[in-house]
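Before any comments, here is the structure.
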Amino acid sequence: GFSVSLWDALRWTGVEVGGGGGVGCEWRGGGRMMLLHVRSEAHRGTAECNQGSLDELNGGGPSPYSHSHLFVPRASALSVHEIPAEDDKITDPESSLMCDSWEHLYPSHTPCELVGYHLLKAKAHNEGFKASQQRVARSNPNMLSAGVASEQGTQLLSLHEVTTAPNSSKGPIKCEGKPSTTKKTLTEVFCSFMNRRCGIGRNWPWASGGSSILAEYGTLHLEFMHLSKLSGNPEFAQKVMNIRKVLNRLDKPQGLYPNYLNPNSGQWGQHHVSVGGLGDSFYEYLLKAWLMSDKTDEEGKKMYYDALQAIETNLMRKSSGGLTYIAEWKGGLLEHKMGHLTCFAGGMIALGADGAPNDKTGHQMEQAAEIARTCHESYVRTALKLGPEAFRFDGGVEAIATRQNEKYFILRPEVIETYMYMWRFTHDPKYREWGWEAVQALEQHCRVGGGYSGVRDVYASTPNHDDVQQSFYLAETLKYLYLLFSDDDHLPFDHWVFNTEAHPLPVIRREKTDRPNEVE
């Protein structure tokens, strides 16, 4: 390591701050990140503020840390990164929260707002789930990420269902307190982060002027509806139904849902539409809300099929080589690329084909099969037989990544997910064959001594590992592979719905006294 002033270190990254102080600096993560150990008197308040959370992270005893930590990437932006309790290793550099200045993320400038730690304790109701998950908020000890909270909450809801005997009498789960949400925005659309101490929500600064993101506020419906059913508390369901009301009031450009929505003005941000990143799971949840409601949520059904029609009309295209793909829409112009994240759409369309209006079931199954084929082609056209992060259809190129920053593979599940759904609905053996090809490629190129690693370039003849095993590899990729080669009665679709992180939630059977689409 080497020592520089805190002011010099932050100025180097493009951040304007005043004051000084000693720090220790060292590069981590293959030179991609710099760890700043703040030890100055000027920032003693920061260390003291974080100390309680550090002690909690260490299991209640004295923390091994007595100073705050800041991760700064080599690029000109500041990143606050999570740090495991014991060894300071960087586990997921790509998930860092990036911001251009302190002011964007920390408007109050208090020491506690500079950097902090937060531990979300996940405790199950049974003996089967002992390990609590540790997460670190990207801002201060009271900052809660909606995505992290939703993911962990769903794990517990799913665990409650799959580990409880189906014929046992399960009373309502006791949920102390009210839904943990921010103070109301003007539209009641959720923000990405919440300060639990003061109830103030905020969004990613890069998201079209601090807009809420479609795939975040639109990916709470299954969990909140299910939690209301289990707890008997209607507030959870009311929260997500309010989001629908906002969306239904808005005009949709060409029937499409832009990825960004201002939570206060209730207006769309920049008109960027994607069925992949930033938008994907919103569409999935419209369909699955209808399925999980035992097909009584007619509003969700209509929203899904209307959205799918708009996607087919405006985004779905076929290449000169006959490959169907889903492009991205930016301000009325198409970008002819398809992300690996978008490959889930084949499975989604197959899942909803049976309920398609106007006798479109066969048509939608054909679309699903074509998307599955395209995504398979993105795999087989690489040297490692693993798919790139995104692939393009322009300049004579089809289903190939042309940019270096799109050639990596991080163990994503979406292609396997589509294979699994297509197998369940068609029993065409090619989907198991394609899945087995992926298994062999994962074993040959991604398996390392400590688990499985992503690779930086799927077109290189030998893998260059990124040394990261993503959490979704276990939660989704391997689970979908297991289901692909399992019998259909293992978590059958008429009883279970998978949320966007592949956690199974049960279909909520309508009782005779229930009335559709009504929150009691």
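Even glycines carry a Cβ here, placed using N, Cα and C.
Automatic, uncurated: that is what TrEMBL annotation is.
These come from TrEMBL:
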type	residues	note
BINDING	Thr500	Ca(2+) binding site
DISULFID	Cys343-Cys375	disulfide bond
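Here Cys375 (disulfide bond) is positioned 19 angstrom away from the residue listed as 'Ca(2+) binding site', judged by their C-alpha atoms. Of all the Cβ atoms in the protein chains shown, 31 others lie within 10 Å of the Cβ of Cys343 (disulfide bond). Cys375 (disulfide bond) is surrounded by 28 other CB atoms, counting those within 10 A of its CB over all protein chains shown.
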